[in-house]
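What Swiss-Prot annotates here:
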BINDING   Ser9, Lys41, Leu73, Arg87  substrate binding site
BINDING   Ser9, Phe10, His17, Glu98, Tyr122, Ser123, Phe124, Leu125, Ser126, Ser127, Ser128  ATP binding site
SITE      His17  site 'Transition state stabilizer'
Amino acid sequence: MRRVVCPGSFDPVTNGHIDIIRRAAKQNEEVIVAVLVNVNKRGLFTADEKLEMLREATKEFDNVTVAKFDGLLVDFCRAHDVSAIVRSLRSVSDFDYELQIAQMNYQLSGIDTLFLTANPKYSFLSSSLVREIAQYNGDVSALVPPYVEERLRAKYAELAKKNG
């Protein structure tokens, strides 16, 4: 069985992420979407909130599961019998960074990284851009799944209320 992992911080998950997950699911028997838990980096959403949004966004795919991990991705891959890592490339600058990570992951574990080029309509899209637009009440409906849009609006309303 070919099992692959799509790792990321997904803060929040975007339509670009979903496009890569969809394409990976078509090409592989099983896809694990793995949310990196980085205790040194404070995101907008908690790991559990990210898992919830990802589960909702990927519920149409029978062969996709969602998990979280901390530590090295290759250790997660070994523990879950993953044969390859799937990463998206939006630009040449993505390639430079991703190639270094892929080579290190291979050196550490022998696990290959498969690169999928981003759909051109999502090549500009990033979670940080979505957060910035949503923070100022901009329209993110074309950038994220509907449930994620709702969660973004609720999160920023909660933060505004908290910060007075």
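Even glycines carry a Cβ here, placed using N, Cα and C.
Residues Ser9, Phe10, His17, Glu98, Tyr122, Ser123, Phe124, Leu125, Ser126, Ser127, Ser128 are recorded as binding ATP; their most distant pair of Cα atoms lies 18 Å apart.
Ranking the binding-site residues Lys41, Leu73, Arg87 by the distance of their Cα atoms from the Cα of His17 (ATP binding site) places Arg87 first.
Put simply, of the binding-site residues Ser9, Lys41, Leu73, Arg87, the one whose Cα is nearest the Cα of Ser126 (ATP binding site) is Ser9. Between the CA atoms of Arg87 (substrate binding site) and Tyr122 (ATP binding site) there is a gap of 14 Å. Note on Phe124 (ATP binding site): other Cβ atoms within 10 Å of its Cβ, all shown chains, come to 12. Within 10 Å of the C-beta of Tyr122 (ATP binding site) there are 18 other C-beta atoms, taking all protein chains into account. Counting in whole angstrom, Phe124 (ATP binding site) lies 17 from Ser9 (substrate binding site) by their C-alpha atoms.
In three-state terms derived from DSSP, Arg87 (substrate binding site) belongs to an extended strand segment.
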